[in-house]
Amino acid sequence: MSKANNLPILVTSGEPAGIGPELCALLAETSQAKRLNRSLVILGDADLLETRAKNAGIEPKWQRINSLREITASDDEAPGYFLLDHPLSAPCITGKPNPANAPYVLGLLNLACDACQNGTAAAMVTAPIQKSAISPHWPGFMGHTEYLAQRCGQSDVVMMLMGGQMKVALATTHIPLAQVPAAITRDSLTRTLEIMLHDLRLYWGLPKPRILVTGLNPHAGESGDLGNEEFDTITPTIRALQAKGHDVQGPFPADTLFQPKYLQNSDAVLAMFHDQGLPVLKHASFGQGVNISLGLPIVRTSVDHGTALDLAGTRNMDAGSLNEAIECAHHMDLCRRNAQ
Ligand SMILES: NC(=O)c1ccc[n+]([C@@H]2O[C@H](COP(=O)([O-])OP(=O)(O)OC[C@H]3O[C@@H](n4cnc5c(N)ncnc54)[C@H](O)[C@@H]3O)[C@@H](O)[C@H]2O)c1
Ligand SMILES: N[C@H](C(=O)O)[C@H](O)COP(=O)(O)O
């Protein structure tokens, strides 16, 4: 594969006080870049990442660069690891997030997102951020998913996690539970399902994706005794999509839907809220799962875990999810290009 067809994947190192720096260093000890025939560019404060790697006894095989142009301008560069320096905004104490570093964390996301949008990178993969350390600087900050949608000028985005043979998307993301029922409307649900149908085709090559939809209430509302959202919103949305020829089924009671006999005959599940779908998926695959943002004009994947402040500064962490997130971004990019 030629270099031009194999643009680098950018990896943002995330919250500097969390495990992101060590995860990125562990990544650069592996042969993943060579195996994928793809350069992997880690974005972060180079001094911080090198110090943290050294202190944790990790020996990353990366080469420092100051601009993406240094690798994209060279046609014969062998695929490898690069560390693109982006300086901290404020001092960093390992394990103690400093909100004064929010501009740094967001700066890494902006750099990666813009490079994907302007065609100098194939995809972005994100190490975890500490949301509570960003919101004082960026009021209303909810997470990468919503932030990147805004950066890309998209009003709709869908969070989907993949792991343990499952793909589980969410009808609502980072909002308080009390706000969930009002946030699920026929329009929002239709848009979410349309994005899933489109992206399951584009990035996984599924010609007619089959999606199973959960109810919102216990036992999918128990014929209206336990809530009306299934009658008023979820069922009519599913029927309207079926009438257009889509294979969307439900609503199913969420407590019994995640059985092999349902999952093996489907491509994805749509759950109504964060903690309806994600505990099931993370129980099945924590440490190997991948978080994917659907509906964006760029490929963005992420780890399935947070900043693990208790482990920052050590090498005692599972880097499996970061490796899977890169693998997934690589395949999504290939599948999208094959479809063009
Ligand atoms: N992709 C992301 O950016 C992302 C994802 C989830 C949570 N978060 C954020 O992370 C912060 C901390 O969240 P939390 O404490 O709920 O979850 P967490 O995932 O950071 O930690 C939960 C538990 O899992 C362990 N753990 C996490 N990652 C691990 C790994 N790679 N290897 C071994 N053990 C690991 C931790 O030690 C801890 O015991 C919050 O601000 C949250 O919003 C970010
Ligand atoms: N909801 C995600 C999870 O539980 O893994 C996580 O908070 C990350 O979300 P963003 O990718 O939007 O930051």
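Please read every residue number as a count from 1 along the shown chain.
Using the three backbone atoms N, Cα and C, a Cβ is placed for every residue, glycine included.
In TrEMBL, the divalent metal cation site is described by His174, His219, and among His137, His144, His274, His283 the residue recorded at this site is His274.
Using His174 (divalent metal cation binding site) as the reference Cα, a 10 A cut-off selects none from the binding-site residues Lys282, Asn291, Arg300. In the three-state DSSP reading, His174 (divalent metal cation binding site) counts as coil.
Checked against ligand 2, the binding-site residues Thr145, His219, Lys282, Arg300 give Thr145 as the ones with a Cβ under 6 Å from it, listed in sequence order.
Once the Cα atoms of His144, Thr145, Lys282, Asn291, Arg300, the listed binders of substrate, are compared pairwise, the greatest separation found is 19 Å.
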